[in-house]
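Peer 1: Features from TrEMBL:
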- 21-41: transmembrane segment (TRANSMEM)
- 47-68: transmembrane segment (TRANSMEM)
- 75-95: transmembrane segment (TRANSMEM)
- 107-128: transmembrane segment (TRANSMEM)
């Protein structure tokens, strides 16, 4: 969560941004991979596992625009969007986990409120910052 916040709120394209960003990607691959091995919640494949695949797909979609040589510059902005939503997904999962710990509250309602709040606020933020952040990618 710290590496995700760092890459969001510091200068883009620097060596430090790239190194910490790769640390974030590696951490998320490990988190998503380990999530696929957890079955003691329901005893079977479920929503938790689907969201792990979504998290992994978001990472791949966020990294591909930078890894594909010769990709058009305007497609590199996809890196910004997918990586940003990867971090938002991580924060939403954290907020959901905290919210379901409140005793005697409805599980799915709490998860929905936590996730929805993070994504609504986060979406306003990315629309506000997108032009500034994408300048580096469009050079």
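Cβ atoms here come from the backbone N, Cα and C positions, even for glycine.
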Peer 1: Report yes or no: does the transmembrane segment (21-41) come within contact of the transmembrane segment (75-95), defined as 3 or more CB pairs under 8 Å with a sequence separation of 6 or more?
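Peer 2: Contact between the transmembrane segment (75-95) and the transmembrane segment (21-41): present, because at least 3 Cβ pairs are under 8 Å.
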Peer 1: Sort out the residues at least 6 away from either end of the transmembrane segment (47-68), same chain, that have Cβ-Cβ distances under 8 Å to it, and list them.
Peer 2: 25, 28-29, 31-33, 35-36, 38, 41, 75-79, 81-83, 85-86, 89-90, 93
Peer 1: Determine which residues of the chain contact the transmembrane segment (107-128) at the Cβ level, with the cut-off under 8 Å and only residues 6 or more beyond its ends counted.
Peer 2: 80-81, 84-85, 88, 91-92, 95-96, 98-100
